[in-house]
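First comes the structure, then the notes that go with it.
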């Protein structure tokens, strides 16, 4: 799968019962960058006869079934595999590793649950119980990093809660970082706190500082209400990403940049998705009941709540549905994209990009890599700080020379270059790439761009690029 990039990610949080396959696929369709599955305890996978991996050709999924009943404990769709984090409940390094091996080839990451406050979890030494036995917590993460993360080349992370004091929390975060995990999610509430109590972000910036010093990604959970709210939290506190739980439970279209859809529309689309992936009826009905809370069509809600079968649910929502090839219900998710940039004063131009809103636009369009063209030998040192700043936006910056130009353009979705760069222009045209050209004014030797037959100075170049990228965003929304 490859290691995950958590930067600038707005994600579906792990939720028991809610986070099954149809909800995850719907979250990704609406705009979630990563999705966590519901916690599954190691012993559920291992006790008796271990789960078996079965290819379900009828719905194009991978099922993990428990013999002899063949009950499906976990179902993965290929569309989500490289964005799916499997959350594991465990109190044992040995069992955690054994369980993780069963699913490691079909997910992008394994996340250890160290925050669930439920009695069954804490009583068994799992979830928030691990916060009181930090040596065990660290030993499980050590084992997962070394025996799963490294050999399977997937990301290992954990999700914790705040401890009673800031000092204790910071010490724990530092210990976790030292295990070699790729990311930590902090639920900004202590174990005794109810989810209705406001999240405590009073020292979140200090937690971020510890993670930055250890080169570990930091995500935050608690009171994040929408995709745009998540981006604001990322910018305000300097975290890499956020997880959304309760807001997504009520209306998973909270991941839409354009704003949420009506509860009825979401319920209707959820039902279609559940039918498409053959979701357990009881789980589908449970999730629909969460979506239908509050303002909802009374007659539909009554019929849905008394439904005994999928046929009853289809009648309640007045939909005619037949199993398809999933092309309409499970559309292909956006793949991560790259772009190539060539400019006269590259460091200055990249600094200008950082100061603009363009990186956020690129992130929304799933751009994760920028290849910057340069033949200057000493430019690497100049770009060290810039490189780190780009990573904070979820975009990796790489320098390339003319030798690597053709392959970079071949894989790129967008090329930004000066018109004088004929080799780049020709390559981009041949590969039919979307191109933003920056002609050079021979009198001033400054970069300018053409817009409606008028030349503009380089200080306006970013404005024009931004407008072009807005066009791409609008086209993406239409598609």
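Cβ coordinates are placed from backbone N, Cα and C, and glycine is handled just like the others.
If you check Swiss-Prot, you get these features:
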BINDING   14, 15, 16, 87, 159, 187, 221, 222, 223, 245, 246  FMN binding site
ACT_SITE  116  active site, proton donor
Inter-residue C-alpha distance, residue 159 (FMN binding site) and residue 116 (active site, proton donor) (nearest angstrom): 9
Binding-site residues compared (159, 246) - the one with the fewest other Cβ atoms within 10 Å: 246
Local Cβ density at residue 221 (FMN binding site) - other Cβ atoms counted within 10 Å: 24
Pairwise Cα distance maximum in Å, FMN-binding residues per record: 14, 15, 16, 87, 159, 187, 221, 222, 223, 245, 246: 21
Inter-residue C-alpha distance, the residue listed as 'active site, proton donor' and residue 223 (FMN binding site) (nearest angstrom): 17
List of residues, in chain order, with Cβ under 8 A from that of residue 16 (FMN binding site) and at least 6 apart: 38, 39
Secondary-structure category, per DSSP, in which residue 246 (FMN binding site) falls: helix
